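Asks: Per TrEMBL, the feature domain 'Response regulatory' maps to 4-116, 124-241. The domain 'GGDEF' annotation in TrEMBL covers 284-411. Positions annotated as 4-aspartylphosphate by TrEMBL: 53, 174.
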Ligand SMILES: Nc1nc2c(ncn2[C@@H]2O[C@H](COP(=O)(O)OP(=O)(O)OP(=O)(O)O)[C@@H](O)[C@H]2O)c(=O)[nH]1
C-alpha cells in the first residue's frame, strides 16, 4: 500500500521540492496551495501525514495546523521563521515537528522525518512507568509518531512484557517505581539483551544530580529529566532508534553476500555452530549439502562475467524457493551450502534431487541470456561433527559428483 502525504504550500517551487522529497521516500503526494484546497483533498483521500506551511493565503496565522491535526493526520509544520508568536502557536498543537525553511538542511531534515514515520510503525516501544497519568502521556507522544506501544507498571512487569515480546527495541523507564527501580531494571535488561538490540531511555523527576550517570552506568543509552519538552523527547528517541537501524544495516551487510543477497560464509558459520549445538544436545545428526554450478567457468568465458553473475543471482532465488526453511549460504564463487533443519535424511535428499532436476530442466529460462546450466551436490549426515569436518565431507562428495560426470547428487 502506498502512503499518501498532503503538502499544503502556496509557493510552487517549494511545493515541488517537497513533493519530490516525499516521492523519493516512497509516498504519493498531493499539493494544495491553500487551506480550502487542502480541505477539499482531505474529503477525498486518506492521508498518512501532512506537511503544512504556517502562512497560507487563506490561513495567515497557522490556521491550517489544527485542521490537519484534528483530522488525526500526523503533521509537520514548515515555517519561514520561528519567532516567539509562531512558536506559541506551533506549541499549542500536537504536531510531529516543525521545520524552519532557512536552508537546504531543512529539506534534508524533512526527508529524514518522512522516512522515519513509516519506519516507526515497525518499532515497538515499552513504556515502564507506575504513574498512570505519566504513562499515558508518554504513550500519547509515541502514538503521535506512529510507534507501536506497550506498557508496564513497574520493572518486574516490564521484564515479563519483554519476554513475551522479544522484538521490543526501545524501553523508556521511569526510575521511582515499586518492586524494581528503573536503574535496576536497566541493569537486568542489559544482563539479558545487548546494546545492539535494545535501546533504554531512563526518565526521572528526581533532583538527584547523580541519577543520570547511574542510569547510564547501568546500561541506559540516554536519560531525560521530567518534565521534559516533547521536542527534546522526540529528538533523543529518533536518534536512538536511528542508531539501532544503523547497527542492523551494518550487521545485515556484514552477513549478506553482496551479489546474491543470500547469507554469506561468515553468517553460515556463526549460525551453523548454534544449530549444531542444539542438534548435539537433542542427539540428532547434522545434515549438509554442498552445491556447485557445473562448468561455470565456461559460462563466464562464453557469455561474459555479467551473465555469470545473472546465473548466480537466479540460482540463489531458486535456492530460496526450494529451501525456504533451511540455513542457506553462498560460501564463495559458485559454491553454495544448505544446512538442513529437518531431520528426515530421506526427505532432505529427495528435496535435493528435486532441486538438481529442477535446475537441469528450467535453468535456461532463469536469466535474460537463457543460459542452460546444471549443478552437482554432495550430501552428508554426521553425528556430532565439527562444522569444518561436515563441510569437508560434503565437499569430498561434491568432488565425487564432479568426477562421475556432474549434474548429480552424491550421498
Ligand atoms: N561471474 C562470476 N564468476 C565468478 C564469481 N566468483 C567466481 N567466479 C568464477 O567461477 C569460476 C569457477 O571455475 P572453476 O572452479 O574452474 O569451476 P567450474 O568451471 O564451475 O568447473 P566445475 O566446478 O569443475 O564444474 C571461475 O571462472 C571464477 O572466476 C562471481 O562472483 N561472478
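The backbone N, Cα and C atoms fix where each Cβ goes, glycine too.
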Asks: Would you list the DSSP helix, strand and coil counts for the residues of the domain 'Response regulatory' (124-241)?
Replies: 53 helix, 27 strand, 38 coil
Asks: Residues with Cβ closer than 8 Å to the Cβ of residue 53 (4-aspartylphosphate), same chain and 6+ apart in sequence?
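Replies: Listed in sequence order, they are 8, 9, 10, 11, 14, 64, 77, 78, 79.
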Asks: If you run through the domain 'GGDEF' (284-411) with DSSP, how many residues end up as helix, strand and coil?
Replies: 64 helix, 29 strand, 35 coil
Asks: Around residue 174 (4-aspartylphosphate), how many other CB atoms lie within 10 A of its CB?
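Replies: The answer is 24.
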Asks: Could you tell me the mean pLDDT over the domain 'Response regulatory' (4-116), as a whole number?
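Replies: Mean pLDDT, the domain 'Response regulatory' (4-116): 94.
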